[in-house]
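Features of the protein shown, as given by Swiss-Prot:
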| type | residues | note |
| --- | --- | --- |
| COMPBIAS | 506-524 | compositional bias 'Polar residues' |
| COMPBIAS | 533-544 | compositional bias 'Polar residues' |
| MOD_RES | SER259 | phosphoserine |
| MOD_RES | TYR431 | phosphotyrosine |
| MOD_RES | TYR499 | phosphotyrosine |
| MOD_RES | THR509 | phosphothreonine |
| MOD_RES | THR514 | phosphothreonine |
| MOD_RES | SER518 | phosphoserine |
| MOD_RES | SER522 | phosphoserine |
| MOD_RES | SER536 | phosphoserine |
| MOD_RES | SER539 | phosphoserine |
| MOD_RES | SER541 | phosphoserine |
| MOD_RES | THR543 | phosphothreonine |
| REGION | 506-570 | region 'Disordered' |
Amino acid sequence: MSYQGKKNIPRITSDRLLIKGGRIVNDDQSFYADIYMEDGLIKQIGDNLIVPGGVKTIEANGKMVIPGGIDVHTHFQMPYKGMTTVDDFFQGTKAALAGGTTMIIDHVVPEPESSLTEAYEKWREWADGKSCCDYALHVDITHWNDSVKQEVQSLSKEKGVNSFMVYMAYKDLYQVSNTELYEIFTCLGELGAIAQVHAENGDIIAQEQARMLEMGITGPEGHVLSRPEELEAEAVFRAITVASQTNCPLYVTKVMSKSAADLISQARKKGNVVFGEPITASLGIDGTHYWSKNWAKAAAFVTSPPLSPDPTTPDYINSLLASGDLQLSGSAHCTFSTAQKAIGKDNFTAIPEGTNGVEERMSVIWDKAVATGKMDENQFVAVTSTNAAKIFNLYPRKGRIAVGSDSDLVIWDPDALKIVSAKNHQSVAEYNIFEGMELRGAPLVVICQGKIMLEDGNLHVTQGAGRFIPCSPFSDYVYKRIKARRKMADLHAVPRGMYDGPVFDLTTTPKGGTPAGSTRGSPTRPNPPVRNLHQSGFSLSGTQVDEGVRSASKRIVAPPGGRSNITSLS
């Protein structure tokens, strides 16, 4: 039965709001102007606005006013082996709002062999009842057959889903074959959807995991040792190749290594329609913590693909994000408690994977990229909000400050300093992988659906107030080039006359040989005759049938001086 939504879900009554004296920052321009909002929409932008009475005025005092962040990758309330991630849609979206994010896109992860549509309806019910901010959904394809293909078509055309993820890892669970990858990409390209991939070589990982365990390596360090970055890079290259062959846009989730990031950059320079999504963790921290003596701390960093042990990787990935080689950012927020992680205390392959990052995402990027001079304020808006809205066909409703856009806004203080700590973050998780980091840049005011959610350090959220935002297919930002290439790549057979020459008969059997059509041996030379040992004259009991018979094809050569009859060296 299709989930229709609870009748009593609270909805936000939008305030009439006026932001005065702010500097509006979009992805392509910055300018000073006032903003008037009503009914959850931006109604006016300019100076000396004429607004109705009873309007609440917020003084921006020259601070930046930016579009609310869009976190394109979360796992809230995700079931896993009888457990559930500790941050549900209420706690997760509350953390998002605290960090300046006003919309999330969560991943629906169906159990293998189960219905994608039923999983989608389950996620909708959970999110509609608990989400504090707007949300959309990706659907992960955890197996593939004709029935799943029909569900994908229905979800795309009728349910507001325009992105589907496939796994190239997790052998014998979610992993798809190369043939299935080709079929899925072909299907998604025809639907105008976006093909997302979790890029790792699952076959080799399975072998490496077994090797590590045989060596007695059972702790979290085994996770990164069994998943070297070459396995991420190989899968990224393979996915790019298949996407190119099927003319399907590709979206690589969780870009964690230099090698993977470089491949995406190179492919884009060659004209491939591919997008790369680094996450809060890969932008803000490295994988040296896997070798911590504190097992719980090391386990908190376990995620796949793993964080790179190379401490220069975060700076490198931030540089590619700033240059446009990578296009947007997610958090991959997927939090388990220490007790839940501890089911893998004796076997690293059993540690539930996932890290926090939804609350820290925007501050990490500001601190690592903008404050260091790699990225300007407009690029910051692009990689935290606008590019996501464009890719998933939400623009300009989301991701832009313009008349008619949703009133999802953030007053951002570039000079604010915040020390990250699990003691005061909004996540339920006991551990924060960014613990102790001092980050520059933070939200002062967060407005979602025209309602103030964060002000003066205090959150004012309403459980269940978030709306599902459907994502329609064929995003112009993604598909304009794809459509043009389809027209150019219209294939035709070469017109030629019928061949009327001789045709080799594959059923003919040459004398003394195997049939000409046999697949054994060389296709151009007949196989030599094989001796039938059952008809051999060889005997184990004495004289052979052919003994003493000189072969016509052999010469017998005696040494100089004749034959020797030496039987002893003494």
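Glycine is treated like the rest: Cβ placed from N, Cα and C.
Remember, it's a predicted structure, so these values are computed and weren't measured experimentally.
Put simply, SER259 (phosphoserine) is 50 Å from TYR499 (phosphotyrosine) when counted between their Cα atoms. All chains included, 19 other C-beta atoms sit within 10 angstroms of the C-beta of TYR431 (phosphotyrosine).
Separating the Cα atoms of TYR431 (phosphotyrosine) and SER259 (phosphoserine) is a whole-number distance of 29 Å.
Under a cutoff of 8 A between CB atoms, and with a sequence separation of 6+ in the same chain, the neighbours of SER259 (phosphoserine) are GLU229, GLU230, GLU232, ALA233, VAL236.
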